[in-house]
Amino acid sequence: MSSRQTLLFLLLAGAIAVLQCQELFIRITRSGRESQLRRGCMKPLCLHGGRCQKALYSPNLFICFCPPGFSGKFCEIDTRAVCYQDRGDTYRGTWSTTESGAECVNWKTKALRFKGFHADRPDALQLGLGDHNYCRNPDKSSKPWCHVLKKNVYVWEYCSITSCADEKHSCVLGRGTDYRGSHHQTASGLTCLRWDSHLIDKNVYNAIHPNAHHLGLSSHNYCRNPDNDTRPWCNIFKNGVTKWEHCDVPVCSTCGLRKHKVAEIQIKGGAYSYIESHPWQAGIFVKNRGLEGYHCGGILINSCWILSAAHCFPKRSFDPRRLKVVLGRTFRVKSSATEQIFQVERYITHEKYNPRTLDNDIALLKLKHPSENCATETDSVHPVCLPKAGLQLPDWTECEVSGYGKHEMSSPFHSERLKEGHVRLYPDSFCTSARLANRTVTKNMLCAGDTRQLHDACKGDSGGPLVCLNDGRMRLIGIISWGVGCGMKNTPGVYTRVVRYLNWIQENVRL
């Protein structure tokens, strides 16, 4: 046999062998025997519920089948994370842009081996470091960071990802130009295109825009408002055409926020103030025999509901048509361009209100208005925040009271102008019958007062707010209820403890 024939024979034999191997593989695959080529791992190697399988004849080889929302060799990368908690040392998302707009370099870059943190450390997986360029905080710095290459030198920079404590990630304030959340559907329910999609390469706003990182545009499909439109939007692909639509992102609550406070004029029993400093303050007026007079204070908690004290509305004493609520007024009876006036549709006093002890001294007033929205939010009219469930502020926390009540008990008239006072929350051990002329004090009440004996709520302030700063917002901690005199030494004022009535408020506001 010639050498040429020998070569042809060998090639033919090789081809037959390949075909036989392929046929064997097909038979194995079709019969389901391919599962015998790998088996479950003896110990868990995959994170976040990933399913691990090892190669049967190569024990060192394994693969993780990750659940939705996770990726990476060990399922260690959280593809849905859009913000970081606390300092971000547990952040495992995919953000890779720094505050300067630079792109992070891969943690496995060889040059980083001379740095403290890189993907080849023994504890790299625990620190979130790996073969990727995502922001991490392995050294418990103040927020996630990464390495970047600048002028041929590797330096570190903080990343531009937002904190989960920042409302910018969950809802819209104003037009939403600062919105950095993960909402990715339009108001009509369509899914947004990614900002780096080739379908919008020629659009003005996309992930390659020169200012993309400041505008929140990147390798994602989240709603944004880069052009100061009325609200966030995104691009969509519909009927073979690329279009844009507004997104239906939730609007952030603005309760408990107010303009910077203006300097007050100090007077006995408090200080004169402006309504912009207490935009949730309401004045409740009542008509009696054709004459209208100031009656009690109230607190705006949402567009159509006012909280007040039950003792201001004895049962069967008031027809709601006799009541009027005034918002946005600095002077008690003097009209203002900023005021909003409403009739009362109905009022609800607590079913367990005790007129003798003033226990459960709380009431709700529904404002009357033809539309679902009653009060319009302005600098002078703004709802206060209710306390979070279980909120308990430290003893002696400084808080504020406000109202149009008397300067002192002996005053013949109510104040002509809104007043405010600064009081401190008393410990329960100081809020006792012995300090309050042996009157009953229940767990539904709290005490607050000014240890200097300068500020206190007084007659006419009933139903008004006791508010305290908490998490950057003013929260309604108490409703002015009763007291022994006004501003007496070692005698606090008594307030309805609002946190105990959150369910009652929510149930009745739904009516």
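In case you wondered, yes, glycine gets a Cβ from its N, Cα and C as well.
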**Study point:** CYS223: disulphide-bonded cysteine as recorded in TrEMBL, out of CYS247, CYS252
**Key:** CYS247
Review point. In TrEMBL, CYS164 is listed as disulfide-bonded to which of the following: CYS75, CYS83, CYS234, CYS252?
Key: CYS83
Check your understanding: CYS234, CYS374, CYS385, CYS399: which one closes the disulfide with CYS304 in TrEMBL?
Key -> CYS374
Practice item. Looking at the disulfide bonds in TrEMBL, identify which of CYS447, CYS458, CYS468 pairs up with CYS399. Key: CYS468
**Study point:** Member of CYS46, CYS52 annotated by TrEMBL as disulfide partner of CYS41
**Key:** CYS52
Practice item. For the disulfide involving CYS146, grab the partner from CYS104, CYS171 as TrEMBL records it. Key: CYS104
**Study point:** Cysteine paired with CYS171, where TrEMBL records a disulfide bond, from CYS135, CYS234, CYS252, CYS255
**Key:** CYS252
Point to revise | For CYS75 (disulfide bond), nearby residues of its own chain (Cβ under 8 Å, 6 or more apart in sequence) | key: CYS46, LEU47, HIS48, GLY49, GLY50, CYS64, CYS66, PRO67
Point to revise | Spatial neighbours of SER462 (active site, charge relay system) among the recorded positions CYS83, CYS252, HIS311, CYS312 [C-alpha, 10 Å] | key: HIS311, CYS312
Exercise for review: Fill in the CA-CA distance, CYS171 (disulfide bond) to CYS447 (disulfide bond), as an integer in Å.
Suggested key: 36
Exercise for review: Return the residues near CYS146 (disulfide bond), defined as same-chain residues 6+ apart in sequence whose C-beta is under 8 angstroms from its C-beta, sorted by sequence, else 'none'.
Suggested key: SER96, THR98, CYS104, VAL105, TRP107, ASN133, TYR134, CYS135, ARG136, TRP156, GLU157, CYS159
Check your understanding: Looking at the disulfide-bonded residues CYS164, CYS192, CYS304, CYS431, CYS486, whose Cα is closest in space to that of CYS41 (disulfide bond)?
Key -> CYS164
Practice item. Name, in the order they occur in the sequence, the residues of the same chain whose CB lies under 8 A from the CB of CYS431 (disulfide bond) and which sit 6 or more residues away. Key: VAL441, MET445, LEU446, CYS447, PRO492, VAL494
Practice item. Can you figure out which of CYS83, CYS296, ASP361 (the recorded positions) comes closest in space to CYS192 (disulfide bond), comparing Cα atoms? Key: CYS83
Exercise for review: Based on Cα distances to CYS296 (disulfide bond), point out the closest of the disulfide-bonded residues CYS83, CYS164, CYS252, CYS374.
Suggested key: CYS374
